[in-house]
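Database features (TrEMBL):
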type	residues	note
TRANSMEM	22-44	transmembrane segment
TRANSMEM	56-79	transmembrane segment
TRANSMEM	85-104	transmembrane segment
TRANSMEM	125-146	transmembrane segment
TRANSMEM	161-180	transmembrane segment
TRANSMEM	201-220	transmembrane segment
TRANSMEM	232-254	transmembrane segment
TRANSMEM	261-284	transmembrane segment
TRANSMEM	304-322	transmembrane segment
Amino acid sequence: MSQKDLKEAFISNLNGTSLQEVALGSFLAPLCLINRGLILTIYYQAKKTLPLPLPLISHLILDFCLLILPLVLSCTVLSSVLHQVILGLTVVSAFVLWYIHHVSIQSAQRTVSTFLKSHVQFKQVPFVTIFRVFVNVKTAISILAVDFSVFPRRYAKAETYGTGVMDFGVGAYVFANALVCPEARGKNISGSKMNHIAKQLMSVWPLVVLGMGRLLSLKMSGYQEHVTEYGVHWNFFFTLAIVRVVASLLLAILPANKSWLVALLISGCYQFTLETSGLKAFIIHNNDREKDFLHANKEGIFSVLGYVAIYMAGVQIIRLSLDAHIMEFV
């Protein structure tokens with residue numbers, strides 16, 4: 001086998017991991033964030049001041065060690081002991097919280113009291129920013145690490161059935177994009193709906209350019225390709241662009257607070273079609289990729305339906321969150 005064939009085989013025919021391991025790994029980022037907050041609390045109680053000295057360097061080192069490094073290690077050299085990593089960070093969080101409470105009870109009580117009385121800035125949800133940051137960080141780590149043996153094969157994308165961490169990641173990426181779309185944030189559409197859709201078509205040109213750039217660079221360099229992931233010409237940048245345009249079209253027709261219904265209808269109808277027709281067999285088993293564009297890129301094209309459903313669910317969730325925050329100010 002050539003070097004290219006060996007590399008393609010290295011990332012192909014994988015079965016993913018268990019949903020339990022994926023769910024367990026999702027607890028890592030919140031634990032890291034909690035530990036960072038607790039350590040800053042200890043520093044504030046000791047020095048009575050924030051930010052840290054030399055804020056640019058000190059905060060960079062602190063954030064890298066507490067937020068980035070655990071994510072890198074958990075999906076590489078420490079992936080086999082993920083349970084112990086989660087348990088260890090939980091123990092550290094509990095110990096630091098106990099220390100803060102018992103060493104300076106009055107200060108801790110004032111801190112908790114201030115926190116309980118605080119309000120999120122109007123129409124700003126910190127969870128969204130934090131979630132999007134961690135999704136992007138985890139995506140960058142996985143994309144860079146997946147071609148190396150230190151990255152567990154079970155974390156890479158599954159071939160047909162199964163769930164890998166990267167399968168969960170692409171869904172989370174689409175979900176994160178939905179949380180900040182104009183319709184989800186309640187922004188009024190200026191002008192006609194057709195003009196709004198036209199603006200959304202124009203707004204996805206960076207994704208189209210990135211998709212074309214990736215396609216051309218892969219074909220010209222002869223770099224290994226996992227064809228059964230998206231197809232011969234398709235890639236995730238094209239998926240993001242199509243999902244954004246389709247979702248904008250749906251949200252221009254239907255109210256955003258009914259996005260959950262659209263998500264259920266799309267996902268339900270798509271799953272029903274897969275199970276009752278020959279579509280599933282066509283996507284999984286048909287290898288006649290030279291017939292036409294649809295056959296060459298069937299995985300990427302049909303996956304758009306599932307991603308649109310995820311996107312619409314994300315719009316509904318952020319609408320509910322914003323409505324809850326608005327009610328706090330009424």
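Note: Cβ is positioned from N, Cα and C throughout, glycine not excepted.
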Tertiary contacts of the transmembrane segment (22-44) (same chain, 6+ residues out, Cβ under 8 Å): 50, 52, 62-63, 66-67, 70-71, 74-75, 82-83, 85-86, 89-90, 92-93, 96-97, 99-100, 111, 130, 134, 138, 163, 165, 168
Stretch in 56-79, 125-146, 201-220 most in contact with the transmembrane segment (161-180), if contact is a CB pair under 8 A: 125-146
Recorded stretch that, among 85-104, 125-146, 201-220, 261-284, 304-322, has the most CB pairs under 8 Å to the transmembrane segment (56-79): 125-146
Positions whose Cβ lies under 8 angstroms from the transmembrane segment (85-104), at least six residues beyond its ends: 24, 27-28, 31-32, 34-35, 38-39, 41-42, 45, 70, 73-74, 78, 111
